[in-house]
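Here the structure comes first, spelled out in structure tokens, and everything after it is commentary.
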Amino acid sequence: MAAVSLRLGDLVWGKLGRYPPWPGKIVNPPKDLKKPRGKKCFFVKFFGTEDHAWIKVEQLKPYHAHKEEMIKINKGKRFQQAVDAVEEFLRRAKGKDQTSSHSSADDKNRRNSSEERSRPISGDEKRKLSLSEGKVKKNMGEGKKRVPSGSSERGSKSPLKRAQEQSPRKRGRPPKDEKDLSIPESSTVKGMMAGPMATFKWQPNVSEPVKDADPHFHHFLLSQTEKPAVCYQAITKKLKICEEETGSTSIQAADSTAVNGSVTPTDKKIGFLGLGLMGSGIVSNLLKMGHTVTVWNRTAEKCDLFIQEGARLGRTPAEVVSTCDITFACVSDPKAAKDLVLGPSGVLQGIRPGKCYVDMSTVDADTVTELAQVIVSRGGRFLEAPVSGNQQLSNDGMLVILAAGDRGLYEDCSSCFQAMGKTSFFLGEVGNAAKMMLIVNMVQGSFMATIAEGLTLAQVTGQSQQTLLDILNQGQLASIFLDQKCQNILQGNFKPDFYLKYIQKDLRLAIALGDAVNHPTPMAAAANEVYKRAKALDQSDNDMSAVYRAYIH
């Protein structure tokens, strides 16, 4: 591949890892962000996603030269929105250039005039100038009366413009904050960098740490610069992260990837077991993105809708696994997860060398480790991938996926994770994702109980619950979760988006996780008791927000 000449401000197509090429712009990195060692790379901000990353030069292509090619390959909605953002950026930049063309012409005229004044004047010209001198002085006097002070040529320029003219940059020398890039700024891009879309340019506040600029951006950068070296060996060794060169086995930063752009479906056959609240949305998105999917559910009627959408029907879990390359499973609890694998006509009976199994259930680390061992012992490959989200996020394909286990299988699931989620995290050895998922749900469940407690306390003290919600929505606690759950309570709508019985199960497992390492979890324990009371009030199959009823009965 021929070398491509790129400069700061150039529009490019950037290829990041396993994701499709995405439109972006080469920008200056934050001053305290070190450039990765090794091959030459540029810092790129992607349109439509707010993601940033160092991209190797061989993974970059000029935007205009490859535009038609990329548009033919990718057809997704988010990809098209990103392309539209680029075109809007170009339109506004062009309009800015046209607006400034007149001032550029004036500058040129002034330079020409200056050159005329600086050349030697002949005798004839001196006589002509002396004859017209009186008229010139008169006109200048009239001009002073008409033109307000401050509108002179010097006064019409901004302080920044004057500073730039007084301190011109030496040719070929990049500004101080561009030294890491070692590239000159393209003259054709200067207008774009100052145009109406200036918000697209990376502009860190020097008085604030970079991580405050974009929470996801900070984690994304960590994932690009601090990835631990990982490898896998057979059976149990295959499921462990190898020690880094320093000898430390701790994971400094999870390997995460922002899922964006259109999805190019894998040619592998996909199986899916379990069509509950979460599984149904996941399968629907897999089918929409063009995957070949075989489904199974304990109650076969739930499969009918997906058969109409193009899915195939599997009669047993073993049949699905044996006929598919990668099989996902999403069931309710540890017992259901074990029964699915170890029971009659279960997953284990269909496992052969090379078959892949991905468990998306929220279970404890011991359960998922046991499942991994039996799958790998049959020559299969295993990945745990519980998801953070609810029914609506599942339907929208906006789940957060926490994966651990076989790194190669994680890569093979790329298009599937793109279809079902907005972000995926790789957390290392089997059991890490289960632990992280329980901690996430422990925080969520405890917060939900606190919300319910606050609303009931407001009610019994004569305060408006709606006003409390309005105040919370204007403060630091404001979130979609807070607003939706409070609205559910105020409207008395407890249609399940996340079953109360499942959040209580996760709290119980999180408390057990704390007990196993002798770590106190008093807040989770208190919340768990409230959920147990709500279950006793027959709220198990309602949404988790129904914990509110435990406080009013």
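Every residue, even glycine, has its Cβ placed from backbone N, Cα and C.
Mean predicted confidence for the DNA-binding region (168-180): the pLDDT average there is 43. Residues or ranges marked as DNA-binding region by Swiss-Prot: 168-180.
Counting only residues at least six positions away in the same chain, the Cβ atoms of PRO386, ALA434, MET437, LEU438, ASN441, TYR502, ASP506 sit under 8 Å from the Cβ of THR362 (NAD(+) binding site). Among the features that Swiss-Prot reports, NAD(+) binding site is placed at 271-285, THR362, LYS505.
The compositional bias 'Basic and acidic residues' annotation in Swiss-Prot covers 92-145 (among others).
Annotation source Swiss-Prot lists compositional bias 'Basic and acidic residues' at 162-182 (among others).
Per Swiss-Prot, the feature SUMO2 cross-link maps to LYS135 (among others).
Residues or ranges marked as SUMO2 cross-link by Swiss-Prot on the basis of similarity to another entry: LYS176 (among others).
Annotated SUMO2 cross-link per Swiss-Prot: LYS179 (among others), in sequence order.
If you look up Swiss-Prot, you'll see LYS201 (among others) marked as SUMO2 cross-link.
Sequence annotations record features per position, and here Swiss-Prot assigns SUMO2 cross-link to LYS211 (among others) based on similarity to another entry.
Among the features that Swiss-Prot reports, SUMO2 cross-link is placed at LYS227 (among others).
For LYS237 (among others), the entry in Swiss-Prot reads SUMO2 cross-link.
According to Swiss-Prot, the SUMO2 cross-link annotation covers LYS240 (among others).
What Swiss-Prot lists as SUMO2 cross-link is LYS269 (among others), and the listing cites similarity to another entry. Reduced to three states, the DSSP call for LYS269 (SUMO2 cross-link) is coil. Other Cβ atoms within 10 Å of the Cβ of LYS269 (SUMO2 cross-link), summed over all protein chains shown, number 16.
Taken from Swiss-Prot, the feature SUMO2 cross-link covers LYS302 (among others). A 10 Å cutoff on Cβ-Cβ distances gives LYS302 (SUMO2 cross-link) a total of 17 other Cβ atoms nearby, all chains included.
Summarising the annotation, Swiss-Prot assigns region 'Disordered' to 92-190.
Annotated region 'Dehydrogenase domain' per Swiss-Prot: 261-553, in sequence order.
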Which same-chain residues, if any, lie at least 6 apart from SER280 (NAD(+) binding site) yet have Cβ under 8 Å of it: LYS302, PHE306, SER394, ASN395
Candidates LEU277, VAL283: member of the binding-site residues with the richest Cβ shell (10 Å): VAL283
Counting other Cβ atoms within 10 Å, pick out the least crowded of the binding-site residues GLY271, GLY274. GLY274
